[in-house]
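J.: If you look up TrEMBL, you'll see B:288-307 marked as region 'Disordered'. Per TrEMBL, the feature transmembrane segment maps to B:20-44, B:65-85, B:100-119, B:131-164, B:184-210, B:231-250, B:262-280.
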Amino acid sequence: MARGEVLAVRQASVSLSGRSILKDIDFSLEAGEFCGLIGANGSGKTTLLRTILGFIAPSSGSVTIDSGGKLASVGYVPQKFALDPYMPMRARDLVALGLDGNRLGVPLPSPGRRRKVDEMLESVDATRFADQRIGNLSGGQQQRVLIAHALIRRPRLLLLDEPLANLDMRSVAGVVALLRRLSQEFQTSVLLSAHDMNPLLSAMDRIVYLAHGRAASGSTDAVVRTEVLSQLYGYHIDVVRVHGRVIVVAAEAEDDAQAAVAHDPVHVAQVP
Amino acid sequence: MDVQTLLSLLFEPGFFTSEPVRTAAVIGAAAAIVSGVVGVFTVIRGQSFAGHSLADVSSAGGSAAFLFGINPLLGFLGMGVLAAMSMELVRADRASERDLVTGVVTGAGLGVAALFLYLDMTTSSTTGAAVTVMFGSIFAIPASLVPLALLVGAGALLAIGVLYRPLLLSSLDPDLAAVRGVPVRLMGLLFLIVVALAVALSAITVGAILSTGLLIGPAAIALHLAKRPGLAILLAAVIGVAVTWGGILVSYDSYEWTGGRGWPVSFCIVMLIFVAYAVVAQTGPARERRQEHPLPSGEKPHVTSAG
Ligand SMILES: Nc1ncnc2c1ncn2[C@@H]1O[C@H](COP(=O)(O)OP(=O)(O)OP(=O)(O)O)[C@@H](O)[C@H]1O
Ligand SMILES: [Mg+2]
């Protein structure tokens, strides 16, 4: 693993139930880098993140995380977070569990612990709803609480699975700005999956683009190009830039091609 | 009416001096506290069915204890812990699969219980064991059982106290817990063993079948009322003790109203739980609509402009 790298994924392949899902994925993240993991539904974003977390073992290749000597080196915000509304837990209780949820014993009230939790809630702008049941919070509010839970130990690496899905446009911009700021403040590398790269264009230092089980990675300008994506998809792809937005369109109306990039043309309609 | 007459109306003569009542009150409270505490975790983990299943399977142990004349608490405990371990060791990742395994194990356990109870009936020619194992006879508990019951209860509470935070986190979301280094599967196994302890205690109190009422009922009421975990647990324990003692009292008093026949304690306890739940479910704050959050001052509402 090279100096300054926090995460190195080397030629990693993953199979699930005998099906090959990811092939020869290769990229690395440096300290404090902000990276978008972009791909359509079913392209393997969740699978890749779970492999990095160690929940799935790669069939070949390797995943290395440099913990930098920290115990809590990775934070995670899952895609599906099904919460029972009756869960007897306030936003601040969940954030506190991020701090010491692995410790044995009943937590004793301590001013230091409370201050850390308050500060973290403040950083993600969640102070307003800190004392409400998490099950009663909106999706966007829960998202912020989960980010606080994941970040309170200041991990070296933060993985977020589709944190922008289910957010309205204003909240998307807010969460991206928040993550960018926290990543710089805490020197945490961020790897964030999304099916639309547009909200991330200004924030990303690097992109990992997934299609057909393979990945292209590098700076956005290097990866989001007609030649690179056409090679990744295996058929001609046009990358169109309009009004500072990127639109990925399949030239042929192949069913498969349409399915693979169908998510992108939809955004044309959203341009304000 | 003065306090004296009111009290004598509430408590029939002999209530406080009766030895069986005192034993029932102590063991009942222990069972209720443990069930309340463990019940909160059972409900938030979505394991109510597993809890009920453990009770059913443990009744095989309870009925074997009757047949062979050993301590019934040990019978319930042994079988319950065994069932807990086998249910966790069968690797079932999907919820539906887990339910199937649990259902099949429950059927087998109840079948064995039926066999032992039948053998017991044919050898001792009474049907008393069946009622005691399934529906409990709290006034018949010998005082000699108290130390073991308190020990089991203390063990269960200690385990929950030690596992508190990792258990809470893994109940909330196993992935979040795993990322924080919590051994999620071990947590699941240890927790189910603690459920078996709670269930064994309730089984000798309200009977194996009704133990679910004591495990889930007070916890469900507490979850309606409390919005933080510690408070929910405390409340569930208090509610459990209240309905148990209330049930014992109503049952004791009912001998008077029913011409000496009396109502079973188990019936009185679960009916109190049912009524309490019905009341809370109607009025509890959890039923309130989600609160709206006003925008903080200075933030303008977002207006989308087309084109
Ligand atoms: N346990 C499994 N067994 C077999 N195939 C699986 C399994 N889990 C996921 N897959 C397949 O792996 C592929 C990638 O799934 P994954 O969930 O990683 O996609 P994703 O990019 O996260 O999609 P989404 O945007 O919908 O969240 C899909 O084709 C899916 O059907
Ligand atoms: Mg996914």
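Every residue gets a Cβ built from N, Cα and C, even glycine.
Automatic prediction, not curation, is the source of TrEMBL annotations.
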J.: Take a look at B:20-44, B:131-164, B:184-210, B:262-280 and tell me which one has the most Cβ pairs under 8 Å to the transmembrane segment (B:231-250).
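T.: Stretch with maximum Cβ contacts: B:20-44.
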J.: Using Cβ atoms and a strict cutoff of less than 8 Å, what residues sit near the transmembrane segment (B:65-85) while being 6 or more residues removed from its termini?
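T.: The answer is 53-55, 57-59, 105, 109, 116-117, 119-120, 123, 129, 132-133, 145, 148-149, 152, 189, 192-193, 195-197, 199-201, 203-204, 208.
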J.: Let me spell it out: take the transmembrane segment (B:184-210), skip the flanking residues so only those 6+ beyond its ends count, and list any with a Cβ under 8 Å from a Cβ in it.
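T.: For the transmembrane segment (B:184-210), the nonlocal Cβ contacts are 24, 27-28, 30-32, 34-35, 37-39, 41-42, 45, 47, 50-51, 54-56, 58-59, 62, 72-73, 76-77, 80-81, 83-85, 87-89, 113, 131-138, 141, 145, 149, 152-153, 155-156, 159-160, 163, 166-167, 170, 174, 177-178, 244, 265-266, 269-270.
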